[in-house]
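Going by TrEMBL, these are the annotated features:
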type	residues	note
REGION	1-24	region 'Disordered'
COMPBIAS	1-21	compositional bias 'Basic and acidic residues'
DOMAIN	208-347	domain 'AAA+ ATPase'
DOMAIN	543-688	domain 'AAA+ ATPase'
Amino acid sequence: MPDHLGADQRKTKEDKDEDKPIQALDEGDIALLKTYGVGQYSKAIKSVEEDIQNGVKKVNELAGIKESDTGLAPPALWDLAADKQTLQNEQPLQVARCTKIINADSDDPKYIINVKQFAKFVVDLGDQVAPTDIEEGMRVGVDRNKYQIHIPLPPKIDPSVTMMQVEEKPDVTYSDVGGCKEQIEKLREVVETPLLHPERFVNLGIEPPKGVLLFGPPGTGKTLCARAVANRTDACFIRVIGSELVQKYVGEGARMVRELFEMARNKKACIIFFDEIDAVGGARFDDGAGGDNEVQRTMLELINQLDGFDPRGNIKVLMATNRPDTLDPALMRPGRLDRKIEFGLPDLEGRSHIFKIHARSMSVEKDIRYELLARLCPNSTGAEIRSVCTEAGMFAIRARRKMATEKDFLEAVNKVIKAYAKFNEQPLQVARCTKIINADSDDPKYIINVKQFAKFVVDLGDQVAPTDIEEGMRVGVDRNKYQIHIPLPPKIDPSVTMMQVEEKPDVTYSDVGGCKEQIEKLREVVETPLLHPERFVNLGIEPPKGVLLFGPPGTGKTLCARALANRTDACFIRVIQDQNWYKNMLARYETLKGARMVRELFEMARKKKACIIFFDEIDAVGGARFDDGAGGDNEVQRTMLELINQLDGFDPHGNIKVLMATNRPDTLDPALMRPGRLDRKIEFGLPDLEGRSHIFKIHARSMSVEKDIRYELLARLCPNSTGAEIRSVCTEAGMFAIRARRKMATEKDFLEAVNKVIKAYAKFSSTPRYMTYN
C-alpha cells in the first residue's frame, strides 16, 4: 500500500516532543484560511507544496510557457470572494464623444466631452490612455465616478452600411472601358489627379472638385468608369444604390449617410459612388407626404456631408443618374457637385473598341471585322454590344462549336439590336389636362399643367382620339413636341400582394400548347445555363440574367415559366403585382416596404439550390418614370430601382434566373429593359391553327370525351382565341355533359361550348381582343 503521508509526517504526529512552538500565521496561511476555512499548514505540507510548485515551474520552462501567458495565479492565491465583490462594485463606462481638446500641445491637455448630446464636461485622461490616442470627434469610454477617459472607442457604424457593396480595389481598369475616352479624361482630371497629386492644387491655392455627377442613358459605362478610377487610384470603392438610403423610420436614412462617410474617412482613400441618385436627390415638393419628407431629410444630410469634408482629403464622391433634370438644384450647385460629365452613346470607334474588349475574353476567330459589326449597331450602348457578344457565344453553343465566328456575331446583331430597337422609347412627361378649348370643333386645344406651376396649350398626338381625353385626366406628354401621346389612369400605387412558392411545379412541356417556338427560346436562355453552365464558362461569356415574356393575357407565359422550373428542378417563386386605383397609405407611410420585399425575395432565392423568380404583371412596378412628384409613384420608382439593383447584383452564372411577364412592354422603363438586366425579350402571340388544336387535345386528355372529336374543326371555330379561352371552352363542354347527366363529353358539347364561350368573350370585352406587338 503506497505511503501517502510520508514517514516524516507520521513521525511529527507520533512524536509530540519534536513539534516546535506554534508560530504566527504567515500570508500563505491567511490566504488559505480565508479561501478554504481551514487552519494553518504544518511545515511538512508547506514543504511538499513548494516542491510541487517548483516542479510545475520546471515543466513550464521546458514547455516554453510562462505564468503570464495564461494570466492565472496559483490556486492558493485565488481570492474568489474578493473578485466577486470587485465585479459587483465595478461600474460600466459611459459612452461619450470628445468634441474639443484644450491645450493639446501642453503637458496637461483637457478634453471636452459630450454625453447624450446635452451634458458637457471637461475631463482628464486615465492612466491607461495616451494623449495621442484621442482625437476630436472620437467616441470614448468615460469612468462614471472619476470622469476620466479610460478607452478610445471605434466609430459606430450600422451593419447595413458595412454590408454595402465595398471593393477594396476594383478589378476594372481603363483598358476594360470602351467608348468613353473623353469621359475618362475628365474623370482622371477631377478625381485621379487630386488623389494622386494633391500638391498641384496646393501650389496653385485652389480646391479640387468635391463631387462629380455622371449622367446619361442606361448602359453607357458610368459605373464601369467609376470602378476603373478607383482601381487606378488604389482607392476603396463603395457603391450605394439610392433606394438603399430610403428607410422606413424617421432619421434612419440620414444616419446611414453619416455613418457611410464616417466609414469612408477611415480608409486610406475612398470613392463613394451613389448610383440612381434620383431616388433620394429628386427635387422637393410641398405635398406633405411623410415618405417624401423622409427622403428629403436623407438628401439634406447628404448635402451636409458634401459641405463638411475637406476637398483635399481622401474622399471623392461620384453620383450617377439617367435623369439629371429631376435632381434638386441644392444638390447640383457648385461646391457640391462641381462637375457634370455626360455619358452619351458611343461613336463608331467606341463601339468597335467595345466589341474588341468583350471579344478578347471569348474564344473567337481571328479575322472578325469589328468595325463592320460596329456599323451595324448604330445608337447602341455598351451594354447592348455586350449582349450582342453574349448572343454570338450562344449561337456557337447551339452549333456545338468551340469558337464564335463572324457569322455568329452578324446573326447576334440582327437578333439583339432589332429586339432592343422595339423597346427604345423616351419616357413621357406626366401632366394633367385642366381644360379643353373648342372641344366641339375639329381642332381642339388642351391646357395641361406640369408640376403644378407650368401651363401649356398643346395638341393631341396621332395615336390619341379626342374622345379619349377628359378634363382633369392625367396624360403623358412628349417632351420634344409637347403633344399628348397617351391618356393615363389614376395614380397607381402597386404593392406586392402575394408570393406563390412551388418547390417543383407540376407542369411539364407536354402540358403547354401553341408555344413551341417560345419554349425553345426559353430552354436556350434559362434551361441551358442552369443545367449546362460549363458551356458558357468554356466560351468565356455570361448567360442572360433576365428574360421578358410579353404578349396578350392567356397566351401561356406563366405556364411556360412553370414548365421550365419543372424541367430544371428549380424552385418557382411567382410574384404578382396588384394595381390599386386609389391612394394606398403604403406609399406615404411605409416607403421602404416595396424595396425591402424585393431584397428579401432575392435573399430567399439565393438559399435555394436553383430558383426561377417570375414577376407577373411587371408593368405595375417597372413602368417608365415620370416627373409628377407623386409620393405613390416615387415609391413605385424606388421599388423598381431596388429591383434593378438586385438584377445588377447577382451572378449570371449562379442559381437564380429572373423572368418577367407583361402585356404592356411599351410602358416599361428603359433602365429595366437594357442589356445586362433583361437580356432577352420573347413574344407570346395568339396561337395558330395547329397550336389551338394542340391546346384542345391537351385539355381533353384529362377529360372523359368521345374518341372521334374533330379538334381541328374546333380550332377553326376559335380564330384569334388564346389558350385560356380554349381551356374555358373545354370546361364549358364538360358542364354541358354534366347538365345532360352523361359520363362523357361529345363533339356536340364542344360545339355548343364554342358558340357560348367565344361569343361571350367577344360581347363583354371592352378592349381589343388582342394586341399586336411590333
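Heads up, the Cβ atoms here are built off N, Cα and C, so glycines get one too.
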**Fill in**
The correct DSSP tally for the domain 'AAA+ ATPase' (208-347) reads 59 helix, 32 strand, 49 coil
**Request:** Pop the mean pLDDT for the domain 'AAA+ ATPase' (208-347) in here, whole number is fine.
**Result:** 83
**Fill in**
Residue counts for the domain 'AAA+ ATPase' (543-688) under DSSP, helix then strand then coil, are 59 helix, 34 strand, 53 coil
